[in-house]
């Protein structure tokens, strides 16, 4: 019941103008923020349809104690979602009216001359339905288990493993209870869109992390070797931080920062569940961190994923910044340039990854270009993952060394990644990082920068 109550509270907060979806979800106190965010976003997407169903079935008139926001959430999950897996007395109430609601949904489809639920959505909502076409990506948490054991676990649960994907197109064709090993990231499994694993034992125990593929790229491409000192400048909600810890194999030191106390608390919970050690998490604005502090004298790698417009996220709802104004973009870009330039001041820094979940050039290529010009030849762009199909916009010479991601081309959220490294004398040409897709890793092997030797022992902590 807590999930539905939390979702209804977020919807009520949106209606009162108390914030956007993301901020209200993070401030809700609900432990599973991704599950809550998904439910709220989908309920919002179907909101006009749900209002027609509630009116046609007269549900609120029949159940005087049922609040409208809670009714929307319940009816969404009953008819379009996972079928009310929790909910207590409200679940029983909604199911009592199931036949009437299903009949009203059927009449609505007849009136609109459609056969699919999504055909009832308005054109703008259909565009946001791209979210339902993005696969479910599952990162194996190698701090607790290994790829082979996770694959075996899902097989025992009735899933069919199809091996390593040979192309991005194979990800589009996934359906039912089938899954693949990703072709780019060696510890990423790919399931059909909207596969719900939030209640799966592997997720609740921290053995797997539900993380979009594009969001896995920054830590993978940073690739610090075990024992390195690393900064995660904007760490919340913690998925990238836990990924860094897995790459480091909990050896070395991570300094993680975020300015929001509630997001820091969420991050701390996620890191504990993932088994992360050797991470100092601080509630602090990264811009106030002093690069010359001896504490950071050994920091060689920085992951910088600053606040952005979020325009690449395919699950968006009312209150979210879908098309920010030119003034808003310039303000964000200014902040991002300050963050990137500040990060490059750390004296021992060798490699930095700058990433956003934005599709706007102002927050991506333009920021990188401005800071590189400011620093001259001290830092250079790395031609990262050359096999990646979607490259940076041709905004300046070398910009195609950057990566972009999109639902249409890479079957992920919209994303941007640039890899910078400290240059040296005579090192004018971009360098290349190892390419996981071309190394043909087997399940359980690590590849890419900072990877462990291929011969390694299987993890002892096996999920049965």
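Numbers here mean position along the shown chain, with the first residue as 1.
Positions of Cβ are set from backbone N, Cα and C atoms, glycine also.
Where the annotation comes from TrEMBL, it is an automatic prediction and has not been curated.
Quick caveat, the model's predicted, so the values are computed rather than measured.
Looking at 91-118, 119-146, 147-174, 175-202, the range annotated in TrEMBL as coiled coil turns out to be 91-118. Record note: among 385-424, 425-464, 425-464 is the stretch given as region 'Disordered' by TrEMBL. All protein chains included, residue 240 (S-adenosyl-L-methionine binding site) registers 25 other Cβ atoms within 10 Å of its own Cβ.
Between residue 236 (S-adenosyl-L-methionine binding site) and residue 357 (active site, nucleophile), the C-alpha separation comes to 14 Å. Put simply, the two farthest-apart Cα atoms among 234, 235, 236, 237, 238, 239, 240, 258, 285, 305, the recorded binders of S-adenosyl-L-methionine, are 19 Å from each other. Counting Cβ atoms from all protein chains shown, residue 285 (S-adenosyl-L-methionine binding site) has 13 others lying within 10 Å of its own Cβ.
For the recorded positions listed here (236, 357), the lowest count of other CB atoms within 10 A around the CB belongs to 357. Cβ neighbours of residue 238 (S-adenosyl-L-methionine binding site) (same chain, under 8 Å, six or more residues apart in sequence): 256, 266, 267, 268, 270, 271, 274.
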